[in-house]
Amino acid sequence: MPVTTTSAAIHITPVVIKTFFKHSKRKGIKLKDGDKSEEAWDDLFYDEAFHIVKAFIELGTKNTVESLQAFTNTHVPAPYWCAVVPVKIPLATCNQAADALIEWFGPDELKRVVGGERWWQIRGLDWIDSEWVTEKDYLDDRSFSKDDSYTEEEQTTLRMEHLDRVMLYVHGGAYFWGSINTHRYQIIRYARKMRGRAFAVNYRKAPQYPWPCPLHDVLAAYFYLTSPPPGSVHKPVPPSKMVFAGDSAGAALCLTALTVLRDLGLPQPAGAVLISPWVDLTHSFPSVMNNTATDIIPPHGFIHKPSPTWPVHTKAEGGYTRAVPTQTDPPPQPGHADKLKPDAGEVADQASQRLEQSIQRGEEVHSADLKDYPDGAPSQQEMQEKGGVDAPTGGTTPVDTARSSPESKHENDHDLDPDISLDMWEPKPPKVLMLDPNATPLELRAQIQLYATTEQLSHPLVSPVLQSSLGNLCPLYIIAGNGECLRDEIIYLAHKAAHPKKYPTRKGVLQDGHRQKENAEKFQTPTKVHLQVFDDMCHVLTVFTFTEPAKYAYRAITQFVKHVIDNSEAHLERNPFPELHRPPSDISDTEPVHKRDRRRTPSEKTSDRAKPPLSPSRTEIDKYRFNEQQAEQEVKQGHAEKLPAHTEAPPSECSGEDIPAVLMIRERVDVMGNVRPMEPAEEIEALNIPPQQIGVIKELPVRRWLEGQEEWDRKYKRTAERVIRKRKHYEAKAQRLLDHARQQGWIHDELTPQTSRVSIPDGASRLSAGEIQPERRWGPFDLKEERPPPTAIAGRRDTAEAVALLKKALYYSAPVTHHRLGKIKTSDAVRAVFDHHDHPLKPPRQSVSEQQVHTQVIPIHGLRMWQSLVELFMRKSSKKVDQKVKVGKKHARSTLRSTKEMFGSSTSGETSTATPTDQSREEEGASSFTATPTHQ
């Protein structure tokens, strides 16, 4: 059964019941033992929600990638109190972003590392789905005459224009699932609390659109906001009035986009909020293995039921093996993947090896088929003794110089043309770094991550923790859960940004990219960072909006957004942290309170039955104020890190001036949302890992992934066999389309040279690719000399979505390289009537990784049910907190009165009757008393 609301309910209901009884039992044991310690799991609502999310994600792994994508990319109407305007980012803006990426990569890296400059620009839609989001109560009262030609959505967009705080939000979902629909309820909350508007982008997703497709779309969203194309309703948004924000994969895309803007000299936003960013796709940090039980990530990672889309190879294909004992000599060294940009010596060496072994075996030999050890491979330690720039033992000698030197050639090398040898180059299989140095390393024959090939995982735009420098970026607010698998890499990332020199990138990464060498020297200015790690919380804690830590996180995030947007660049250079702003920033506790009895239209009643959110509680604001004071104390006590030139300068004592020159605030947050200083860096395991151990492929994560894949192979053996047959069916279908197109002369093999009128602002580096028409569009037939990744839909012909893309390019939106638009055959139109993936008169539905799924009826969708559940938990938890506060206030008032009467009776015998002013002061004191934590 695919992922649907019904299947999710069937799968999750037993989990809810089981969690309730387990929770009651655990609480009973704690009560019996007199255990008064506070844990996140003590909150029944968090306990239930955590296991609901975990169970849903595990359900997704038992279904196909496309099924999970379709469910999480289904359009769900917004609540009635929200103003949501759908937006289509046009191709002209996409081309502007593509030009920037082309400039960043350069021609050599584009060809060897990315696989070309066209395949990742191919898309099924003529736009990128996005949307503006804010509160309806924030819209201005502008009126429009009947003569105005604006649509209702354009009018709503214009009524948002006065909201100058803009958040560009990039949703998460492991780069392959999720959408603006799954995250809308979070985005609305940000817009409401910051009294601004958010812009959410529904970027293309892997595996159909792998790296760098999502990054391309995020940059397009940035350019759409800062330099709107002709016909756009909104005015240009200055980067100083914008922040980037995202969670998980979305947070990593935000960080990667920041580095691209920095490198090209383009203006960065005022700040960025990174929530649980996934920045190391090699899984080289310890918490990936240690925190599985306390996180929502599936136990074996993101593995899925086989489908034509994923995995690339199934177990049923001729005894296919995902990992074998190594058969080739280094390079690559254990823990590393081979180069995608080889030097001349390596190219000549591999070409001669393949030629020799092809002659010996009588068949074509690829790099994965090379066998350097017919009698058994040496141990990992023996391989490492040969050294290498990133050998985990610390060796820094060149890897096997006899093999990599251009002068060292086999006897047949003089017969090989250098250009042909380079075209023949194939990276060898990646090797796994084993725990036992005497073991023979494994070689990986399968792609581990859906987002990028294994050889690309250590690229700085895939795993930004491997950027040679994260300095010279805008201020960053980074949060993580202490119980999440990504905790260590997030902590390391934050410190690397604040201390570019202290946490260098391993030398192999620097040698593989010209930009990385330059950036290590060029960008040495520390980035100002506020890092918070939340006790017991899992991945993306903001999903659980009803918990005390999440409430504080939302408040802190929006205060950061308001601070960096509302203040000048000079002010932020002095102090980018709202907690250190003096006088303290205003916190509005008068967010829109939606009247329950206001009249609602029939469409509102049918489209949304959820109640509007509650206004913020006084306790929530008091908690933020308390944590604000704690941050000031951290600075005074030396727990916060100061800029090098100001290490001896004492904090400002003037109440009207900010506390300046703070480089990094490092905090932990308890389960009640109260902050405390983080321990010294020397005591944190993640910060003491040698650079050569970061971004390498290690045995334990690979073993866990292999165990899960083997279990899925047994469970879905027959499904895998059906997948092979389906792929053959779609290949035949695609071939018929191609043959017909060529017969009619619609396509040809030669590409038409293009020109560009897209420009980069003054002061930025110029594009070197010449002029390209802004309306250019590439199609799946424009891949000459391109090498798209195996999963990329642009280069595939064996899935239903790939066939749909071919039809769209042939019949509905032909690229400029086509001679003319094709006309669908009558036989194909008849077939389309009986194919639910197709339509006889309209363009076929494009990939669910790109196009939203629209149902014909108003859905009671699982995403809406989850939002309603979160709102229910929010109300229940707020009531519970309010009750505790009332009890605390009552107790505090009683204590204050008793104390006052006691002191009053011992003085002049004056009456102790409180005036209204006294009463309000008592309540204010009681409120502050109850908001103060009872433990540090």
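Cβ atoms here come from the backbone N, Cα and C positions, even for glycine.
What TrEMBL records for this protein:
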ACT_SITE  Ser248  active site
COMPBIAS  350-360  compositional bias 'Polar residues'
COMPBIAS  361-374  compositional bias 'Basic and acidic residues'
COMPBIAS  394-405  compositional bias 'Polar residues'
COMPBIAS  406-417  compositional bias 'Basic and acidic residues'
COMPBIAS  574-584  compositional bias 'Basic and acidic residues'
COMPBIAS  600-611  compositional bias 'Basic and acidic residues'
COMPBIAS  633-645  compositional bias 'Basic and acidic residues'
COMPBIAS  905-917  compositional bias 'Low complexity'
COMPBIAS  927-936  compositional bias 'Polar residues'
DOMAIN    167-289  domain 'Alpha/beta hydrolase fold-3'
REGION    321-419  region 'Disordered'
REGION    574-656  region 'Disordered'
REGION    884-936  region 'Disordered'
For the residue listed as 'active site', which residues in the same chain are close in space, meaning a Cβ under 8 Å from its Cβ, but six or more apart along the sequence?
Gly172, Gly173, Ala174, Ile275, Ser276, Pro277, Trp278, Leu486, His539, Val540
Give the nonlocal contacts of the compositional bias 'Basic and acidic residues' (633-645) in its own chain as ranges (CB under 8 Å, at least six residues past its ends).
498, 526, 580, 651, 659, 661-667, 677-678
Using DSSP, what's the helix, strand and coil tally for the compositional bias 'Polar residues' (350-360)?
11 helix, 0 strand, 0 coil
Using DSSP, how many residues of the compositional bias 'Basic and acidic residues' (574-584) fall into helix, strand and coil, respectively?
4 helix, 0 strand, 7 coil
Long-range Cβ contacts under 8 Å made by the compositional bias 'Basic and acidic residues' (574-584), restricted to residues 6 or more beyond its ends, are 271, 475, 528, 530, 559-560, 562-564, 625, 627-628, 631-632, 635, 652, 654-662, 665
Across the domain 'Alpha/beta hydrolase fold-3' (167-289), what is the average pLDDT of the model, as a whole number?
97
